[in-house]
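Database features, via TrEMBL:
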type	residues	note
COMPBIAS	212-221	compositional bias 'Basic and acidic residues'
COMPBIAS	224-237	compositional bias 'Polar residues'
DOMAIN	20-451	domain 'Major facilitator superfamily (MFS) profile'
REGION	204-237	region 'Disordered'
TRANSMEM	21-45	transmembrane segment
TRANSMEM	61-81	transmembrane segment
TRANSMEM	88-106	transmembrane segment
TRANSMEM	112-139	transmembrane segment
TRANSMEM	177-196	transmembrane segment
TRANSMEM	266-287	transmembrane segment
TRANSMEM	299-319	transmembrane segment
TRANSMEM	331-351	transmembrane segment
TRANSMEM	357-379	transmembrane segment
TRANSMEM	391-410	transmembrane segment
TRANSMEM	422-445	transmembrane segment
Amino acid sequence: MSRAGAAAREAAKPQDQGWAWMVLLAAVLLQGLTLGFPSCIGVFFTDLQHEFQASNSETSWFPSIMVAVLHGGGPLCSILVKRFGCRFAVMLGGLLSGVGMVSSSFCKSISQLYLTAGLITGLGSCFSFQAGVTVLGYYFVRWQTLANAMASTGVSLGFTLWPLLSQYLLDEMGWRNTFLIFGGILLNCCVCGAIMRPVQLASGSPLQSPKTAEEPGRRAEGAQLSNGASSPHPELQQQTRRTACFQMLQKYLAFDIFCQNKGYQIYTIGVTWMMMGFALPHVYLVPYAIQNGVEERRAALLISIIGFINIFIRPLTGLLSGHRVFTGRRIYLFSLAVLLCGLSNFICVISAEFSVLIIYCVILSIAMSGIGALIFQVLMDVVEMDRFSSALGLFTILESIMLLIGPPLTGLLVDITRNFHYVFYNSSFFLISAALFMGLSFCTLEKKNKLKEASKVPLDNPSRYQYNEMPTEPQSESQSPPAVMYITSI
């Protein structure tokens, strides 16, 4: 008994102490290297246009594809982590990111950049980032919330440092050599992945290899499929395959929750619509400032200001929203942040002076901090935690589609009108309309639920939040935490 207890203590030793803090440091670097990286693309926008004689719409496809794949590759990363573990996924992501940027330095057309920097680097960043976040759940138990909060500061650091480094290297050696250096920098994701060695459970099974826990289910599925294959009825075999496909979609893309849960439905539609305009200032702010006579170095500094303020404001916003006064009302705080983000865009239309643009960046960063701190917390409020992972899968897929098409469509509008003001008009339209839609819809839903509660006998187990409308049928899904939680960052 004592020998077994000593083995258990030794197996649990890496959690919350020792090497776990090195893993946390690696996670901070990963978030800065991956999520923070797209913030510097606007610095190269004008040079890429001149190099390839491309329009605003054509050039904006490059960062759009990168950001869309970075946010929408969650289900693919989930499969990869379940099959090979977090360390492998992070290191593969680092390799893809580095190869993608090195290849980009040799591109002869803007369409080649779509494949190299857009698809390959975006997919690699997705693997490294999401697997790096997942591994924190294995290394931290008691301090998991603190670890995730500290890791998220890497995004703000990336937003601050990447644009400054990009502008310096661009001035010194051009965009091709800069992309080559970026490939070497992103290869450091492999180093971060190497630090994330597997953790052992008390039973001796590696925490980072959830496939061992899934083997009974896989054996059962295999037996079911083999029985279907040996069945004399092809219809039964086809029905079994359809059922397995439906279960896979329900697990990773929660269509059932979307159809039954009104709160999740409203929130998903609102955030998806919001994403059409959310990324536009990040892509077009630097070229807009340069076109209006702002020096290139000072224009790149604008994005760094946004990231620097986020370092301090985002944790404060998270602490404020966690107060019990806002319990059940965080959706209204989120809608307010989206509304402020939309209204702030009108500052750019008033004037393009550098001092005015700094004021714009300060207000925009405060609004962005609220959106980034609350976007997933509100999702947790409207969806049960045992279905959160699958609900987030559909959420990120729809979000990535809007991030993909938003900047190119706005770039096409700029090409037609020759006026950058339409970037900020467009962004304001989507953000303000999304904020009003979510705020008013949840207010109506809350009133509707209150009327139902007043006219009926109260349930034994009412929903935790007034605006939450859960499915009436109990879910048969296992209560164990998901092996991978799709995480994105705003």
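For all residues, glycine too, the Cβ spot is worked out from N, Cα and C.
Curation does not apply to TrEMBL; its annotations are automatic.
At the 8 Å Cβ threshold, with sequence separation of at least 6, the transmembrane segment (266-287) lacks contact with the transmembrane segment (112-139), having fewer than 3 such pairs. Below 8 A, the CB atoms of the transmembrane segment (21-45) and the transmembrane segment (391-410) form no more than two pairs separated by six or more positions in the chain, fewer than 3 in all. Contact between the transmembrane segment (61-81) and the transmembrane segment (112-139) is supported: at least 3 Cβ pairs lie under 8 Å, counting only residues 6 or more apart in sequence. Sequence-distant contacts of the transmembrane segment (391-410) (same chain, six or more residues past either end, CB-CB distance under 8 Å): 57-58, 60-61, 63-65, 67-75, 78, 252-255, 257-258, 264, 268, 271-273, 275-280, 283-284, 376, 379, 383, 422-423, 426-427, 430, 485-488. Against the transmembrane segment (177-196), the recorded stretches 88-106, 112-139, 299-319, 357-379 differ in Cβ pairs under 8 Å, and the greatest number is found for 88-106. Summarised as a single figure, the pLDDT of the domain 'Major facilitator superfamily (MFS) profile' (20-451) averages 83.
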